[in-house]
Amino acid sequence: MSGDVAESKRCPGREPVELFRPGRVVKICAPMVRYSKLAFRTLVRKYSCDLCYTPMIVAADFVRSAKARDSEFTTNRGDNPLIVQFAAKEAQVLCDAAHIVCPFADGIDLNCGCPQRWAMAEGYGACLINKPELVRDMVRCVRNQIDNPRFSVSIKIRIHEDLKRTVDLCQKAEATGVSWITVHGRTVEERHQPVHYDAIKVIKENMSIPVVANGDIKTLKDAENVHHLTGADGVMVARGLLANPAMFAGYEETPLRCIQDWVDIALEHGTPFTCFHHHLMYMMERITSKQEKKVFNVLSSTSAVLDYLNDHYGV
């Protein structure tokens, strides 16, 4: 955790849970592998995003390896409020990871929703929704060992086929001191099926802590509709923000100003070319023709991308 992070210890301030207020929907950038890193978080914060998550970090690797810490986690003073998401399966390991990031972040989130095979095979992610006692122990351990009362501890889950089991899991987590719960409204097996917003509504009705809805939210209008359908206190967006980082500010498609902002921010942060280019491919998906995509998507250097943007869009 070199560079920016070394200078970014948090000043005491509001705890993230205070973002959740009656009549307000908290707009959240999801933890996305490779994508929700510092440069992208900086961009979406310019366009009305209230809260950002880091990509999922394997807590055991993070605790064990300085190299992993340097590559997986960078932040700066403007990068707040910030939640660091961890994959973990042992209470003390999660606590140790939380101790490391506590001076630099506003909370941690335990990933109980990742359905990828490797994560499930390792005992991480969505398999934890079937281990409510382990989730309870991990949350309790962090609550007992981190002495900053403003530091949030949240979990992100998927739903069970039998929703009673999900409600039970959430209630156990609430009793242990979880700050809020994010619910992706699909089961572990479901990928592209419709999101069960009705299930999120039931969970919300059975909780007294904030609930965040996640799944298939692609526009600000979608976010408002999901809030009305579920009663959720916040919405978490992944692919919708990749396609349009300005969506929370009400833009229907990525404005050229946002593309210019991404270029400026990415170059300032020294973003690797592949990441820089991929983000632009997502952002320009809706505003470029098939022919333009064929040309733009095979560009292989930062200078080629900058020349293309300047020639075609004046960016």
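Glycine residues also receive a Cβ, built from the backbone N, Cα and C atoms like all the rest.
Unlike curated entries, TrEMBL annotations are predicted automatically.
Feature annotation from TrEMBL assigns domain 'DUS-like FMN-binding' to 29-292. Taken from TrEMBL, the feature FMN binding site covers Pro31, Met32, Val33, Gln85, His184, Ala238, Arg239. Look at TrEMBL and you will find Cys114 tagged as active site, proton donor.
A 10 Å cutoff on Cβ-Cβ distances gives Pro31 (FMN binding site) a total of 25 other Cβ atoms nearby, all chains included. The Cβ of Ala238 (FMN binding site) lies under 8 Å from the Cβ of Ala30, Met32, Asn214, each of these being in the same chain and 6 or more residues away along the sequence.
When the Cα atoms are compared, Val33 (FMN binding site) and Cys114 (active site, proton donor) turn out to be 11 Å apart. Here the Cα atom of His184 (FMN binding site) is found 10 Å from that of the residue listed as 'active site, proton donor'. Look at the Cβ of each of the binding-site residues His184, Arg239 and count the other Cβ atoms within 10 Å; the largest number goes with His184. Cβ crowding, taken as the number of other Cβ atoms within 10 Å, peaks at Cys114 among the recorded positions Met32, Val33, Cys114. Counting in whole angstrom, Gln85 (FMN binding site) lies 11 from the residue listed as 'active site, proton donor' by their C-alpha atoms.
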